[in-house]
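Below is one structure, written out as structure tokens; the observations come after it.
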Amino acid sequence: MAPSKQYDEGGQLQLMDAERIEEEEECFESIDKLISQGINSGDVKKLQDAGIYTCNGLMMHTKKSLTGIKGLSEAKVDKICEAAEKLLSQGFMTGSDLLIKRKSVVRITTGSQALDELLGGGIETLCITEAFGEFRSGKTQLAHTLCVSTQLPIHMHGGNGKVAYIDTEGTFRPERIVPIAERFGMDANAVLDNIIYARAYTYEHQYNLLLGLAAKMAEEPFRLLIVDSVIALFRVDFSGRGELAERQQKLAQMLSRLTKIAEEFNVAVYITNQVIADPGGGMFITDPKKPAGGHVLAHAATIRLMLRKGKGEQRVCKIFDAPNLPEGEAVFQVTSGGIMDAKD
């Protein structure tokens, strides 16, 4: 494997040592290891062609979907799954073991200490964090800041990894990354080189981009996936109540894929969401809004953040839903250097 890169405190790229690379590889078992269990290399290649690059990812597929891969019979799929189960521990574990496993979670700084404290340390890996709010509420600005902070070393509250950015609204600006990188004392060109970007134009294109990400994440140390915004293309490609059921089904499939990516490669998934009018929001609430996507999106996102505008460049983040965080709010500020603590 070619040596990977990381930043020192001065922002310069440094080669990661072999021990660090081994730690990254321990997050998942390569699909190539099936060969040692008696699986034909040709069948392994078929799995890779279908976008399956790890044994962890393989076990996240149903046998029905695996038999849909050209050249894989039911007998072959049974044998492949049996071999993967031998390489992985997929059964029950104790709460203590799960607590130890949770120590692999990386929390990536948002750039604001107040916001980090609200989130228990930052944006978590192994789960989906959703931020929703009106336009100019800070969703995309937070995404740009995370593009940089993710590349900081672990001891600087970063993720020590690369970033994948799927843009559905055309709002990503590479020139915005430059002053944010300078704020963190990092080389802007090196930071941009560690961000892979794709513009999605249809919900199908968006889903296919996610399928192609597995190959890159299996080879390189990614720590963050951003989808900005997750719902925009679904609202365009499906219209009216007649297509609502199909839209929600396709949305559920894409969100399931995001969850699998988060857990398979130990990456943080940050998605932004739009808001819609809420007729049942209550007569005492001025212009009530709720996140788009309905129950499907509500159940898929592990942590849901509601962003709203404050005074001037200040923004307010509220914990809308989280399994391990108490309700609360934090005020932060949007500056040329990205997300920062609000100034009085």
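Each Cβ is built from the backbone N, Cα and C atoms, and glycine gets one as well.
These numbers come from a predicted model, not from an experiment.
Record features (Swiss-Prot):
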- Gly133, Glu134, Phe135, Arg136, Ser137, Gly138, Lys139, Thr140: ATP binding site (BINDING)
- Arg235, Arg241, Arg247: dsDNA binding site (BINDING)
- Arg235, Phe238, Arg241, Arg247, Arg315: ssDNA binding site (BINDING)
Arg315 (ssDNA binding site) - helix vs strand vs coil (DSSP):
strand
Same chain only, sequence gap of 6 or more: which residues have a CB within under 8 Å of the CB of Glu134 (ATP binding site)?
Val275, Lys289, Arg308, Lys309
Please list, in sequence order, every residue of the chain apart from Gly133, Glu134, Phe135, Arg136, Ser137, Gly138, Lys139, Thr140 whose Cβ lies within 8 Å of the Cβ centroid of the ATP site.
Gln141, Leu307, Lys309, Arg315
In the structure shown, which of the binding-site residues Arg247, Arg315 has the fewest other Cβ atoms within 10 Å?
Arg247
Cα of Phe135 (ATP binding site) to Cα of Phe238 (ssDNA binding site): how many Å, rounded?
22
Gly138 (ATP binding site) to Arg241 (dsDNA binding site): how many Å between their Cα atoms?
31
Helix, strand or coil at Arg241 (dsDNA binding site), per DSSP?
helix
Residues other than Arg235, Arg241, Arg247 within 8 Å, Cβ to Cβ centroid, of the dsDNA site?
Phe234, Phe238, Ser239, Gly240, Glu243, Leu244, Gln248
Would you identify which of the binding-site residues Phe135, Phe238 has the most other C-beta atoms lying within 10 angstroms of its C-beta?
Phe238
DSSP three-state call for Thr140 (ATP binding site): helix, strand or coil?
helix
What subset of the binding-site residues Phe238, Arg247, Arg315 lies within 10 angstroms of Arg136 (ATP binding site) at the C-alpha level?
Arg315
Just counting, how many other CB atoms are there within 10 A of the CB of Arg235 (dsDNA binding site)?
16
Quiz question: given the binding-site residues Gly133, Gly138, which has the greatest number of C-beta atoms lying within 10 angstroms of its own C-beta?
Gly138
Can you tell me which of the binding-site residues Arg235, Phe238, Arg241, Arg247, Arg315 is spatially closest to Ser137 (ATP binding site)? Compare CA atoms only.
Arg315
Which of the binding-site residues listed here (Gly133, Lys139, Thr140) have a Cα atom within 10 Å of the Cα of Phe238 (ssDNA binding site)?
none
